[in-house]
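Asker: Sharing a structure with you now.
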Amino acid sequence: MLPYDSATSAKNPNVTSSSSVKPPEIDGLLADAGYKVRSSDLPQVAQRLERLETAMLNSPYHLLPSEAVLYNPSDLSSWVDSLLSEFNQSQQSLPSLPSDLSDLVPSDSSSLFDHNSTPQNRQLQNVNIPHNHHNQVMVVAAVEEDSGIRLVHTLMTCAESIQRGDHSLAASLIEDMQALLIRVNTGCGIGKVAGYFIDALSRRILSPAGGSCSGFAYENEFLYHHFYEACPYLKFAHFTANQAILEAFDGQDCVHVVDFNLMHGLQWPALIQALALRPGGPPLLRLTGIGPPSPDGRDSLREIGVRLAELARSVNVRFAFRGVAASRLQDVKPWMLQVNPKEAVAVNSIMQLHKLLGPDRDRIDTVLSWIKNLKPKIMTVVEQEANHNQSEFMDRFTESLYYYSTMVDSLEACALQPEKAFAEMYIHKEICNVVSCEGSARVERHEPLAKWRERLSGAGFKALHLGSNAFKQASTLLTLFSAEGYSVQEDEGCLTLGWHSRPLIAASAWDAVS
């Protein structure tokens, strides 16, 4: 086991953990990942783990009991100190050992962590391990914990070297991290997240100008569908938006929904059925769905419209559909939507507006301007609750590492396969775009709710309060998922869905001020 700082200093003697990355940034990341250890303690902890590993692998004594208590050794520094201290006590009743190993034998209560869960979710449990496997298991746990912390540190150091243009050092650090991945479980937790970010950093080095990372439209739709099935985020977005639209359409005889991202039309069967049950009878519903052109020449938008029309007919809702093929939202012009002034209009944007926040700053203003001119009764907006649009690469990288670590952690609650695997691919592609791409190629420019409030208010929109019915709908939705980590919160009339205490997406509703 290498001393902790060797991951960076061995490649460049002028770059160390203390000079490459600010300690508060490392401390914050380690704390968010569940590790109670400061960056200044890491070299000493790593050296002690190295001694512990060597001693346990070479020790002829079976000193561990048949039962060991498993708990989260996130307080790594105290954990190692405890092992060394308890050994000093236990050695008095054991045959003498060489003096250089006298402080390294583990105590009767061996601290291990559960590799089947993430740092936030590890729980106390008892396990039976044969005597001859105790030492090996102990060492594997210690090595993996130490390697996970090194990965976080080296990721930050690598990102900092990229920001200052030292791609040679960054490439060598990526090699170090790929070696460290062998020592950790890449099926979950920090090992999986680190793998995604290492890949993204590698892509950035190979294409410094920022190549396209968005993939083909049909591939995005395929992964989007599985992300929808695997976790509640998109369902929450659809349920919340639909409830707000339904309430805005109350008493209206002719309504028109403009959907900025039709995808498979997953959002609209629920609204059609809700309108069918409306007291006084359903209105005439027009749906305009925007989506990318089909790569194989098929009119996939029309096919989705036909399926929705069949559903509407089965529940006696008068329905009309129009598809607008456009690869980018900024290519859509208001005349394409054929909005009738006599209609009650709802504009629906599920994770689309942030894609207008590119180098051309007029794009978002232009689109918001013509949306306002449509005079919609409501505009529903759902966006990632993240800040991935900073100009400084290091700031963007740090924020994305926080955000996607939590997102991937929440996906561990999904028991569906292959939905989970494809949902993780969906997240992986987002990470690649945030980290690898620049300029017009970077479309995942997420901003938090506070910034959207400021921007939409400045564009002439007034916030609408998502009522108690939307909150109840969202809370009911979460009962369909077995995991208890998801939570819905109200935020000044908006709703957020997150994992434990971290909000991950935010839903809001807006009215065009006259």
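Backbone N, Cα and C atoms are what each Cβ position is placed from, and that goes for glycine too.
OK, TrEMBL features for this one:
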{"type": "REGION", "residues": "1-24", "note": "region 'Disordered'"}
{"type": "COMPBIAS", "residues": "1-21", "note": "compositional bias 'Polar residues'"}
{"type": "DOMAIN", "residues": "27-91", "note": "domain 'Transcriptional factor DELLA N-terminal'"}
{"type": "REGION", "residues": "94-121", "note": "region 'Disordered'"}
{"type": "COMPBIAS", "residues": "94-112", "note": "compositional bias 'Low complexity'"}
{"type": "REGION", "residues": "224-289", "note": "region 'VHIID'"}
{"type": "MOTIF", "residues": "255-259", "note": "motif 'VHIID'"}
{"type": "REGION", "residues": "303-335", "note": "region 'Leucine repeat II (LRII)'"}
{"type": "MOTIF", "residues": "353-357", "note": "motif 'LXXLL motif'"}
{"type": "REGION", "residues": "436-511", "note": "region 'SAW'"}
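Please go over these features one by one and say how buried each is and what sits next to it.
Answerer: Mean pLDDT for the motif 'VHIID' (255-259) in the predicted structure: 98.
Here the region 'Leucine repeat II (LRII)' (303-335) is broken down by DSSP into helix, strand and coil counts: 17 helix, 7 strand, 9 coil.
Residue counts for the motif 'LXXLL motif' (353-357) under DSSP, helix first, then strand, then coil, are 4 helix, 0 strand, 1 coil.
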Asker: At a C-beta cut-off of under 8 Å, are there same-chain residues at least 6 beyond the motif 'VHIID' (255-259) that contact it? List them, or none.
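Answerer: Distal contacts: 245, 249, 267-268, 271, 275, 283-290, 337, 339-340, 343-348, 374, 376.
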Asker: Mind checking how the region 'SAW' (436-511) divides into helix, strand and coil residues in DSSP?
Answerer: 25 helix, 26 strand, 25 coil
Asker: So, does the region 'VHIID' (224-289) come close enough to the region 'Leucine repeat II (LRII)' (303-335) to give 3+ Cβ pairs below 8 Å, pairs being at least 6 apart in sequence?
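Answerer: They do touch: at least three Cβ pairs between the two stretches lie under 8 Å.
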Asker: Helix, strand, coil: count each for the residues of the region 'VHIID' (224-289), based on DSSP.
Answerer: 32 helix, 12 strand, 22 coil
